[in-house]
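Participant: After the structure tokens below, expect a handful of questions from me.
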Amino acid sequence: MATDELASKLSRRLQMEDEGGEATEQPGLNGAAAAAAEAPDETAQALGSADDELSAKLLRRADLNQGIGEPQSPSRRVFNPYTEFKEFSRKQIKDMEKMFKQYDAGKDGFIDLMELKLMMEKLGAPQTHLGLKSMIQEVDEDFDSKLSFREFLLIFRKAAAGELQEDSGLHVLARLSEIDVSTEGVKGAKNFFEAKVQAINVSSRFEEEIKAEQEERKKQAEEVKQRKAAFKELQSTFK
């Protein structure tokens, strides 16, 4: 290595003398002189690279503000649910993933408005169109109007932290799911059990109302049948 370096320096000095250059390198200063000569180029190159990167970011931001291009989606970033959602056990996250895949009818990794509508209907808590949109907007970090798995997990994080309004659709979803997201030991388990009992009571009342409507329709049909029979009997008396 030392021999090659020395040969290179001697070759450079001979070349400079042949060209009539007067800048003779002094022993011991060769490295410093070379560094000084190359430093401006490297600095300019670094500054140019930084300027290009900044310009690209500013142009992208301007495009996004004008509605051109797509913003980088947090939900599409590769993430590890077990490290990002440490408040949940592996079993809890597996249960959430199973539920998410169950209602991801399109198998595209998202739950869209219609799939969320079907989910809430199957859970026994149908929502209005505006209600469904509001549910998505509450955790829709990338504003794509659908739920990624990460955003789906955010629902249960907010539920466990008590950050959801009790009358909100997301609170109902978390409450009616079969996933226990309690993180407060016995107290959390007690609250979860009470919430499940309340959900069962709501479901029972809903079933009772349906049964009452069915009984009312049967009663009305029977009355119509009896009136028709009485009318026919009355007709027969005049024959």
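Heads up, the Cβ atoms here are built off N, Cα and C, so glycines get one too.
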Participant: Look up region 'Disordered' in Swiss-Prot and report which of 1-51, 52-102 it refers to.
Facilitator: 1-51
Participant: Say we define neighbours as other CB atoms within 10 Å of the CB. Which of the recorded positions Lys146, Lys232 has the fewest?
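Facilitator: Looking at the recorded positions Lys146, Lys232, the Cβ with the fewest others within 10 Å is that of Lys232.
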Participant: If we skip the immediate neighbours and take only residues 6+ beyond the ends of the domain 'EF-hand 1' (91-126), which ones have a Cβ under 8 Å from one of its Cβ atoms?
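Facilitator: Residues packing against the domain 'EF-hand 1' (91-126) from afar: 81-82, 85, 132-133, 135-136, 144-149, 152-153, 156, 169, 172-173, 176-181, 202-203, 206.
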Participant: Please list the DSSP helix, strand and coil residue counts for the domain 'EF-hand 1' (91-126).
Facilitator: 23 helix, 2 strand, 11 coil
Participant: Within 10 Å of the Cβ of Ser11 (phosphoserine), how many other Cβ atoms can you find? Include all protein chains, please.
Facilitator: 10
Participant: Of Asp108, Glu115, Asp140, the binding-site residues given in the record, which has the fewest other CB atoms within 10 A of its CB?
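Facilitator: Among the binding-site residues Asp108, Glu115, Asp140, the lowest count of other Cβ atoms within 10 Å belongs to Asp108.
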Participant: If you take the centroid of the Cβ atoms of Asp104, Asp108, Glu115, the listed Ca(2+) 1 site, which other residues of that chain have their Cβ within 8 Å of it?
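Facilitator: Here the nearby residues are Tyr103, Ala105, Gly106, Lys107, Gly109, Phe110, Ile111, Asp112, Lys146.
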